[in-house]
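Marked as GTP binding site by TrEMBL: T166, K167, A168, D169, G212, H213, S214, G215, V216, G217, K218, S219, T220. Sequence annotations record features per position, and here TrEMBL assigns Zn(2+) binding site to C294, C298, H300, C305. Feature annotation from TrEMBL assigns compositional bias 'Basic residues' to 23-36. The domain 'CP-type G' annotation in TrEMBL covers 117-270. The annotation domain 'EngC GTPase' is assigned in TrEMBL to 126-268. Here TrEMBL flags 1-37 as region 'Disordered'.
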Amino acid sequence: MGADAGGRPLRRREYDEDDVRVRPGKGSRPRTRRRPAHENAVAGFVVAVDRGRYTCLSPSTGTLITAMKARELGRKGIVVGDRVALVGDVSGRPDSLARVVRVEPRTSMLRRTADDTDDVERPVVANADQLVIVTALADPEPRPRMIDRVLVAAYDAEIDPLLCLTKADLASPDGLVALYAPLGVPYVVVSKGGSLDGLRTALADRISVLVGHSGVGKSTLVNALVPDADRAVSQVNPVTGRGRHTSTSAVALELPGGGWIIDTPGVRSFGLAHVSMETVLAAFPDLAPGSVECPKGCNHLGEECALDAWAAAGHADPARLVSLRRLLASREGAPDED
Ligand SMILES: Nc1nc2c(ncn2[C@@H]2O[C@H](COP(=O)(O)OP(=O)(O)OP(=O)(O)O)[C@@H](O)[C@H]2O)c(=O)[nH]1
Ligand SMILES: [Zn+2]
């Protein structure tokens, strides 16, 4: 085997200013109006979004600027991680409100759907370059199929995955490492109070999104990585003053050593209805090569599928084939519980 996480295909998509998937025949209105140039706009990095208010960090001054979307942006979405251009009152003073007049081209867009049959795509975070799958080794038990699901989302978004195995004081990481290391998925093992050096190195100077189920130790990690994380979150959420424990949307927090982590407390599921069959399969590099023997148009669920023989021949762990099939079946309406 020996699939390599570095051996990713070239970027399949460009993410530009109009990175909204438009349904044909709906709302296509010719754009004749000339936009003002906004030469004096200042740059902002969106660290939080709350009901139409965007909290943006000015990289040049370090000021937090609250802004709303300029009307000219229409229905274009703005998410945490976006780099934007701001005009109006950019002082960042209490009660001041700037306007976002432009969203800069994105390098990536992490998306999900509510479940596998939901056709509404939900953009989660823009411009992330790493997706950290936080999984406890025990309490709660690891859920490999959730890991596989998030790996598919990372692959689809062309974001590097990182498996972060927590609570190493409670159980050994060996089983999970044996499953994912051969696939080229990088991993770190941590425990509360233990060293976070490996994780810090992996996060340095990158924009990393943290996903994980409730109780896996995500807050514990965030608090250890970002001193005063709670206060930082209440600062970026001035509209409601809600802290991270009640917040449901993503929040970007700057790491003391450089780089950002984006916590996603509201993301409890990773529906993959928007991902093509080819992309799902490509995210299973141990199984994908076996599919060349499949009949044309194989849905990889029936008896004619060549993947059973591929796994039986020892090319892939049969548990991985089960996981792939559960995921594919879920996209056809079957439940997918770990
Ligand atoms: N034994 C052990 N317990 C841990 C470790 N890390 C976190 N915990 C405990 O696990 C529980 C859940 O940790 P949190 O950090 O709140 O988990 P979370 O993922 O943020 O959960 P939510 O806040 O529900 O999203 C807490 O009681 C922590 O003290 C660890 O490495 N070892
Ligand atoms: Zn097949």
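A Cβ is built for glycine as well, from the same backbone N, Cα and C atoms used for every other residue.
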Rounded Cα-Cα span from C305 (Zn(2+) binding site) to G212 (GTP binding site), Å: 32
Local backbone state of K218 (GTP binding site), from DSSP in three classes: helix
Under 8 Å by Cβ from S214 (GTP binding site), counting only residues of that chain that are 6 or more apart: R268
Binding-site residues whose CB lies under 6 angstroms from ligand 2, from K218, T220, H300, C305: H300, C305
Across the domain 'CP-type G' (117-270), average pLDDT on the 0 to 100 scale: 88
Where the C-beta lies under 6 angstroms from ligand 1, the matching binding-site residues among C294, C298, H300, C305: none
Cα proximity to C294 (Zn(2+) binding site), best match among binding-site residues V216, K218, T220: V216
Where A168 (GTP binding site) falls in three-state DSSP terms: coil
Distance from V216 (GTP binding site) back to H300 (Zn(2+) binding site), taken between C-alpha atoms, in Å: 32
Around the Cβ of H300 (Zn(2+) binding site), the count of other Cβ atoms that are within 10 Å: 22
Entry from the binding-site residues list A168, V216, C294, C298, C305 having the most other CB atoms no farther than 10 A: V216
Additional residues surrounding Zn(2+), by Cβ distance to the C294, C298, H300, C305 centre under 8 Å: S291, P295, N299, L301, G302, E304, A306, L307
C305 (Zn(2+) binding site) - helix vs strand vs coil (DSSP): coil
